[in-house]
Amino acid sequence: MAREQLGVLKALDAAKTQWYHFTAILVAGMGFFTDAYDLFCISLVTKLLGRIYYTVPGSLKPGTLPPNVANAVNGVAFCGTLAGQLFFGWLGDKLGRKRVYGITLILMVVCALASGLSFGHSAKGVMATLCFFRFWLGFGIGGDYPLSATIMSEYANKKTRGAFIAAVFAMQGFGNLTGGIVALIVSSAFDHAYKGPAYNINPAASLPPQADYVWRIILMFGAIPAALTYYWRMKMPETARYTALVAKDAKLAAQDMSKVLQVDLQAESEQGRTDIGSPAQETSKNSFGLFSKQFMKRHGRHLVGTTVCWFLLDIAFYSQNLFQKDIFSAIGWIPAAPTMSALKEAFTVARAQTLIVLCGLIPGYWFTVAFIDYLGRRTIQIVGFFFMTVFMFALAIPYHHWTRSENRIGFVVMYSLTFFFANFGPNATTFIIPAEIFPARLRSTCHGISAAAGKAGAIVGAFGFLYAAQSTNPAKTDAGYPTGIGMRNSLIALGCINFFGMLFTFLVPESKGKSLEELTGEIDEEENGQTVELHVSSSTSRTFPV
């Protein structure tokens, strides 16, 4: 391995935190902001879609999306995300992080706009085109997971790397929050302009024709932050680690770092510059592929740990919408649908979900940012899974106790704490760890595989448990659903899933305070006694023994 590479990377690890790091967090984080907005804003408008396209004249209740349509509308973006994580993760290692980064953003902008322009002469036609565009929206979102994580990990210094990657991921919380706020503003504005009575008073007048614009505006708004970010993404140079370790151009990596860190940095070795593009200079021990025995020996159990933990976490995390309706109804946030107009219901749903985001999601994200470089990734993940297990069992075992009206506040508290420890725990760390522990040439691919496993878990959690949680009594199931194992047994199953997530966490190494190359073994720092001298700001030099 060329000595210039090690010198450039050492300088990157030792670099002081400066303004560019925060710029990178903002640029990469705005991608995640958009991801969260686009993925979760659909849940804010599904009730409105049901009223607009599936209300039966003369019915005592307003229309709702049939189970198969609801599953398709909510789940197709997850399927697209899974495919995008695998494809763009692989492509990011083949073509470079920066080149692929812009493609994902363009796809997100176009498909967010197209989702709001879904057309058709019937409800089936509108839902079909909506699902088509949301699949490709999810495909673009999927690419943002491995690329954003990898870019931030490769830009950061080793002292604050965990907090920087966590801050990028924490932008999801603001994306969720913005989705709720946009839905509140749009539904409130239309409700004020086109005031309608409750459904049980006048079914026809409760749904003004202009309500069809509301869900379209909410979905299309997701294109705005993505479009605003595109210019800054294209100005970001390729990461020094990709340029030095994968593209084999340490000189260009030093030049890019000089621009990024605002210093004059040159890589020179005592033996003079070498042609690091020569294949002979890459040691065979660090050229193994993803499907090689050497990868399985060195990183196989790490990949098992990251994929299984993310899979199990997302089953539990995305299944938590199973009892949102119980909580919202229990504390009076969502009255019965016939007592509201269509726009009033849209406003009420947005208000309820916004409060949950403020109370449970956002605090957990930023606790992780604050403590991850002190407590460590693995510790936070184990603690998070542990308390998620505790609170799931605390909800499940005395479930009938919590269903009594006098105990519903306790149920809300337990529910919020489960969300808090998911975010101050595995929901953040499963994103961070795969961006740190795999070699540079496979880092984006392995992160994409891990993230795709998580999305597979999300599909199981959001839809498998939606059926499983149905009552064992046919008279008490939701319309269109068969009987299931019941809410209590579903919560017990989720508690067990969290427990196994805690156990599988022990397969991944602790990466706190270590350089990426130290974790992956890409550069053998014990080889000979050559030094690399890094000239900084033309007047200062830093020497690193290698």
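Glycine residues also receive a Cβ, built from the backbone N, Cα and C atoms like all the rest.
Unlike curated entries, TrEMBL annotations are predicted automatically.
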Ranges 236-257, 324-345, 412-433: which does TrEMBL label transmembrane segment?
412-433
With CB pairs under 8 Å as the measure, which of the listed stretches 163-190, 213-232, 382-400, 412-433 comes out on top against the transmembrane segment (20-49)?
163-190
Any contact between the transmembrane segment (355-375) and the transmembrane segment (412-433), i.e. 3 or more CB pairs below 8 Å with pairs at least 6 residues apart?
yes
Need one number: mean pLDDT over the domain 'Major facilitator superfamily (MFS) profile' (24-513).
85
Most CB pairs under 8 Å with the transmembrane segment (412-433): which of 69-88, 100-119, 163-190, 445-469, 489-508?
163-190
Please check if the transmembrane segment (163-190) comes into contact with the transmembrane segment (213-232), where contact means 3 or more CB pairs closer than 8 Å and the residues in each pair are separated by 6 or more positions.
yes
Positions on the same chain near the transmembrane segment (445-469), where near means CB under 8 A and six or more residues out:
71, 74-75, 78-79, 81-83, 85-90, 92-93, 142, 145-146, 149-150, 290, 299, 303, 306-308, 310-319, 321-322, 430-431, 434-435, 438, 481-482, 484-487, 489-490, 493-494
Beyond the flanks of the transmembrane segment (382-400) by 6 or more, those residues with Cβ under 8 Å of it:
313, 316, 375, 411, 414-415, 417-418, 421-422, 424-427, 429, 487-489, 491-492, 494-495, 498-499, 501-502, 505-506
Other than its close neighbours in sequence, what residues sit by the transmembrane segment (69-88), given a CB gap under 8 Å and a spacing of at least six beyond its ends?
38-39, 42-43, 46, 49-50, 54, 100, 103-104, 127, 130-131, 134-147, 444, 448-449, 451-452, 455-456, 458-459, 462-463, 466
